[in-house]
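Read the structure below first, then the notes.
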Amino acid sequence: MGGPRAWTLLCLGLLLPGGGAAWSVPGARFSGRRNWCSYVVTRTVSCHVQNGTYLQRVLQNCPWPMGCPGNSYRTVVRPLYKVTYKTVTAREWRCCPGHSGVTCEEGSPGLLEPTWTDSGMRRMAVRPTALSGCLNCSKVSELTERLKALEAKVAVLSVTEQTVPSVPATPEDSALLWGSPAARGSPGDGSLQDRLDSWGLPGPTGPKGGTDSQSPVRIRGPPGPQGPPGRPGQTGAAGTPGKMGPPGPPGPPGPPGPPAPVGPPYGQVSLHGDPLLSNTFTEMGSHWPQGPTGPPGPPGPPGPMGPPGLPGPMGAPGSPGHMGIPGPSGPKGTSGHPGEKGERGLPGEPGPQGLMGVPGEPGPKGDPGEKSHWGEGLHQLREALKILAERVLILETMIGLYEPDLGSGAGPDGTGTPSLLRGKRGGHPTNYPIITPRRRSERS
């Protein structure tokens, strides 16, 4: 639930008393006044909503005096208001099931719910002008004052109804015992309690009425809809602090510090070895007695490599070593350029004549072949291709893809392109000749 409906429920929750569904007046004297129950009622109210959008035509500026053909439109917001209707949910106080009367003290044995008449429901309708701004929460104080004024009127009307002499009610007047729903507002805090003090203690319960066949039978209706959600609870106490986490990793090294101050000019540190491990200083003033020799110091770091020495004399030749393993074969080299063509050699001497061979045996006679088999097949294939080319040319001429000039001889034999097109456009049927391959006897 969000939007205006949520603001409506929030305003009603601030105005109406909180707590449970049943309302009770404190004090032992008013112990019978706790028979009020809240019911959720849905109403339709009117609101003024700003809605004034319309399309505006924008003309384009043209450099020439004539008008431009193109126009554009844009959406413009104009401060207009129109009346709309909203459905709001409110809370009303009525007698709980099983109780009746003006103050909801009279109990009924069957736990029956009150019967609301149509006239009472019409009087409880909310006027659209009463809710200014569609239940705006900025006027809470004004709504509170109006609610107190309505409670005072309800108390006055309740007192006047008690002073009216009671008459034996007929079955048609049974709805009047419940009071007017519009005249009964939500219970207040102090003003209603002060007026209840002046009424006095309730009278004794009257005798139970007899059963009558004409009396209306009241049946308990279904339960009402679920009420609005309650107010949010208070903020809980702060929890106990957690345990200390493990130490974090070491941070990066810091930047180098400033240089140390320069020492006195007479405090010369020995240049032999590390200055921090040396205790030899130049004495000034009086001479102190020489002490015993101390233990040798730790070895110093190796010095830098010196310059290479002169080459020594050549040594004696060594013994020949063993033959090594042959290495792998190298990659194949590139082919060289072809050499020049040599001179033609002298012709050789003719060889001796060979002996005449023995004649071979005659071979078997072959089968008689078919006469002009391959030639006839090739000729038929050539004729079929020629016929196919002529038919394709005829189709192209009929469709209009290829229109040869008159008298050029490009068209097929026996076909006229203008007559074909004329017959096609005029709608007259034209008998086209069907070309069939000529026989061999006809060609000869």
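Note that the numbers count up from 1, one per residue, in the order the chain is shown.
Keep in mind that glycine also has a Cβ here, set from the backbone N, Cα and C atoms.
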Record Swiss-Prot, residue C96, disulfide partner from C11, C37: C37
Disulphide pairing with C95 per Swiss-Prot - partner from C68, C104: C104
Those recorded positions, out of T42, N51, C62, C96, that come within 10 angstroms of C104 (disulfide bond) at the Cα: C96
Residues in the compositional bias 'Pro residues' (292-311) grouped by DSSP into helix, strand and remaining coil: 0 helix, 0 strand, 20 coil
Packing count at N51 (N-linked glycosylation site) (other Cβ atoms within 10 Å of its Cβ): 11
Spatial neighbours, same chain, of T42 (O-linked glycosylation site) - Cβ under 8 Å, 6+ residues apart: T87, V88, T89, A90
